Amino acid sequence: MRVCIVFLLCLAGQAFTASITEEEPIIDDVVEEAQPEVGANPVQVEIGDFDEAIDVVEEEEDITENPCLNHHCKKGKVCEVDEENTPMCVCQDPTTCPAAVGEFEHVCATDNTTYDSSCHFFAQKCSLEGTKKGHKLHLDYIGPCKVIEACMDAELNEFPLRMRDWLKNVLVSLYERDEENNLLTEKQTLRVKKIYENEKRLQAGEHTLDLLAHDFEKNYNMYIFPVHWQFGQLDQHPVDGFLSHTELAPLRAPLIPMEHCTTRFFEQCDADNDKYIALEEWANCFSIKEEDVNKDLVI
Ligand SMILES: [Ca+2]
Ligand SMILES: [Ca+2]
């Protein structure tokens, strides 16, 4: 059941981003022209659409009718034209945000304030642009703010057990549903096929932690690719072998309200504490052996 919930939440979390850093990631300030194909993967999201750290894609096309038509603004901003009919991005008025339909549209920010929706949050963040408060304000997780209990050491160790199993099951499920070959690439399909066809594979379901631990030991090889795959899904802006907090957000933000060890887990993944999770650090977090970390598996 937990797997299903997490899976659904990740789907639900597509329109959100988060960052818990006190500092803005340095290398996130890039313009991404080509957006990855969206929808194939529960955690693959339209980062460019809502990513607070990615700059605007300016398009210089000659649009006679409405200069704002092709002028995209980052989340929290909307396009307006000035007196010379030149489009520019200005902070969105929060009152123009669509009303939240349900509680799941609420978001909790790092100031422990619940915002009606991510639109309201980003509009507020924009209005604080240039201030210390605005710089520190980030979307933390999806859903209204709530007390998140402390994560105990023993619980922290359980987190990767479930997460690895979940990643493997997500991949297998994509493979099973991939009738039109658009959920996974050819290379990914080949990798997952091996896992899918392996008779020793632990089927998806409610498993005890002991069984998950035992399976990881016994079928270790089946977990190597899913861990690499997830890294590749998140490492998109830019594709550089490092995950910023913003890149991690699509996975992290929906999980936090469900799994109270999420924040601590990803914090400790960044072993050298440089605010980025390198592939090696990521793999190590999931107990993938150093000799099995392979950039070529990030496909
Ligand atoms: Ca990256
Ligand atoms: Ca690091």
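For all residues, glycine too, the Cβ spot is worked out from N, Cα and C.
Features as listed in TrEMBL:
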DISULFID  Cys68-Cys79  disulfide bond
DISULFID  Cys73-Cys89  disulfide bond
DISULFID  Cys91-Cys126  disulfide bond
DISULFID  Cys97-Cys119  disulfide bond
DISULFID  Cys108-Cys145  disulfide bond
DISULFID  Cys151-Cys261  disulfide bond
DISULFID  Cys269-Cys285  disulfide bond
DOMAIN    90-147  domain 'Kazal-like'
SIGNAL    1-17  signal peptide
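Where TrEMBL records a feature, it is marked here on the structure.
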{"residue": "Cys68", "record": "disulfide bond", "contacts (Cβ under 8 Å, 6+ apart)": "Cys79, Glu80, Val81, Pro87"}
{"residue": "Cys91", "record": "disulfide bond", "contacts (Cβ under 8 Å, 6+ apart)": "Gly76, Lys77, Val78, Ala123, Cys126, Ser127, Glu129"}
{"residue": "Cys97", "record": "disulfide bond", "contacts (Cβ under 8 Å, 6+ apart)": "Asp116, Ser117, Cys119, His120, Ala123"}
{"residue": "Cys151", "record": "disulfide bond", "contacts (Cβ under 8 Å, 6+ apart)": "His260, Cys261, Thr263, Arg264, Phe265"}
{"residue": "Cys285", "record": "disulfide bond", "contacts (Cβ under 8 Å, 6+ apart)": "Pro160, Phe265, Gln268, Cys269, Ile277"}
Local confidence of the domain 'Kazal-like' (90-147) - pLDDT mean | 92
Distance [Cα-Cα, Å, rounded] between Cys108 (disulfide bond) and Cys89 (disulfide bond) = 25
Could you give me the DSSP helix, strand and coil counts for the domain 'Kazal-like' (90-147)?
-> 21 helix, 11 strand, 26 coil
List the Cα distance (Å, whole number) between Cys145 (disulfide bond) and Cys73 (disulfide bond).
-> 28
Which one, from the disulfide-bonded residues Cys126, Cys261, Cys269, has the smallest tally of other C-beta atoms lying within 10 Å of its C-beta?
-> Cys269
Give the three-state DSSP assignment (helix, strand or coil) for Cys269 (disulfide bond).
-> helix
C-beta crowding around Cys79 (disulfide bond), within 10 angstroms | 18
By the 10 Å Cβ-neighbour count, the most surrounded of the disulfide-bonded residues Cys73, Cys89, Cys108 is Cys108
